[in-house]
Amino acid sequence: MLQPADRRNFMRHSNIMVDVGKWPIFTLLSPQEIASIRKACVFGTSANEAIYITHNDEVFVFGLNCSNCLGTGDNQSTIVPKKLEALCGKKISSLSYGSGPHVLLCTEDGEVYAWGHNGYSQLGNGATNQGITPVQVCTNLLIKRVVEVACGSHHSMALSADGDLYAWGYNNCGQVGSGSTANQPTPRRVSNCLQGKMVVSIACGQTSSMAIVNNGEVYGWGYNGNGQLGLGNNGNQLTPCRVAALHGVCILQIVCGYAHTLALSDEGLLYAWGANTYGQLGTGNKSNQLSPLQIMMEKERVVEIAACHSAHISAARTQSGQVYMWGQCRGQSVVLPHLTHFSCTDDVFACFATPAVMWRLLSVEQEDYLTVAESLRREFDSPETSDLKFRVDGKYIHVHKAVLKIRCEHFRTMFQSYWNEDMKEVIEIDQFSYPVYRAFLEYLYTDCVDLPPEDAIGLLDLATSYCENRLKKLCQHIIKRGITVENAFSLLSAAVRYDAEDLEEFCFKFCVNHLTDVTQTTAFWQMDGPLLKEFIAKASKCGAFRN
């Protein structure tokens, strides 16, 4: 089960340095001021307002100041940064903004502050007059530690550490989730279908709301005229409704554009639905999608998605660091994910979003701290720290006995059979190839596999021999996603050989569906006799050879 902290860790920056200078408004600052920035956010209807936090935890704002959204206590614009004394030292952890704009943030201590446009009580203070300075949101939240906030155009949401969700503000389409369309002047707990469930992540479209609960289910409510709730229809929802089309899929991250939604699963699969006027769903056309549709299927694993309720643009980053964008890119409709030269999704919004706002509170600093998982990943095949070597095809792979014993029963048994004085410093491996064995050892350090389907067959053999069931499933998944007409029979043969029934059935169906093409491949004619006979007999029962 996911906890709110898991999701926040998932969303952390991956040690990528971001240049805030790519946002035009930051060209107003001196190099010294730029160097002092630790976190920042550009917002506003024309991306003309900005807030930033320094390394000393001081908070500054500058820009146009529409609706007093700078929180400086006056309605004056400023190109010179002004300090927000009320927020200095508060350790801001999450920030969002609306279209008024209004600004909402929470601190590491779980306090919530709001200011700016308040025509619909989106500041949560029970009134409708503008908030000219940051004021703590108290009703129902004082006893809660809030860990995440989100804003639609004129409504607000706050998520507590214990998984409770609160919403308030404009409610003309049910986006507050109260069961009515009456505006909500103060924070109200969102219940109904979320009663008894632990919410771990939230997002807002212009007039819609989305939430993920700790089992990976997705719920949506509010405006649904473009299908942005993913419910298979375009009717508004006044209370949370589960996105049934994602049943069986565990969603880790969800983001909302103006009227579209993106969701990322724990397997790195990307789903999109809602408005598609500018191609923001990445489906190759401009037709709205009422239910989740998987996109970028031919790409590698996706690790981060990005969208913003004030724009019609989408972005995604893959496991290897490739960044794609699609939708309304500087006025141009890009209907399929386009590979960019950016290193992070934030740069997509700086250079191509309209307006050029930030889709999240941006962390500028590069953290030196490494998690246990990151440290293990870095030390794989490190001659400096290893105490054991494998030699495969004449090449060495440097590992650590303790890691192998902890991670693999095969090695635990192997090492226990050696007396300390008999333990070899180099172990020869001759039954597997170097790429396969290296991928296996790296998997023990990272939980990830990066191999083409043909090599994944060899790794499947190894996983079977070493009784590594999770790795076996992972190999089957890689093979399934890499099956082609040319390799289908080879993969089918491997599935039979390694007793991978699920994979065997998948490959068999693929071969039957592409029977004419696959029977003309070299692999088909090289298949051994008994297996070929079995395939023909089974395919015949399925009616594959009928005219």
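Backbone N, Cα and C atoms are what each Cβ position is placed from, and that goes for glycine too.
These come from TrEMBL:
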type   : residues : note
REPEAT : 110-162  : repeat 'RCC1'
REPEAT : 163-215  : repeat 'RCC1'
REPEAT : 216-267  : repeat 'RCC1'
REPEAT : 268-319  : repeat 'RCC1'
DOMAIN : 386-453  : domain 'BTB'
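Residue counts for the repeat 'RCC1' (163-215) under DSSP (helix as H, G, I; strand as E, B; rest coil) come to 3 helix, 23 strand, 27 coil.
Mean pLDDT for the repeat 'RCC1' (163-215) in the predicted structure: 97. Helix, strand and coil counts from DSSP across the domain 'BTB' (386-453) read 32 helix, 14 strand, 22 coil.
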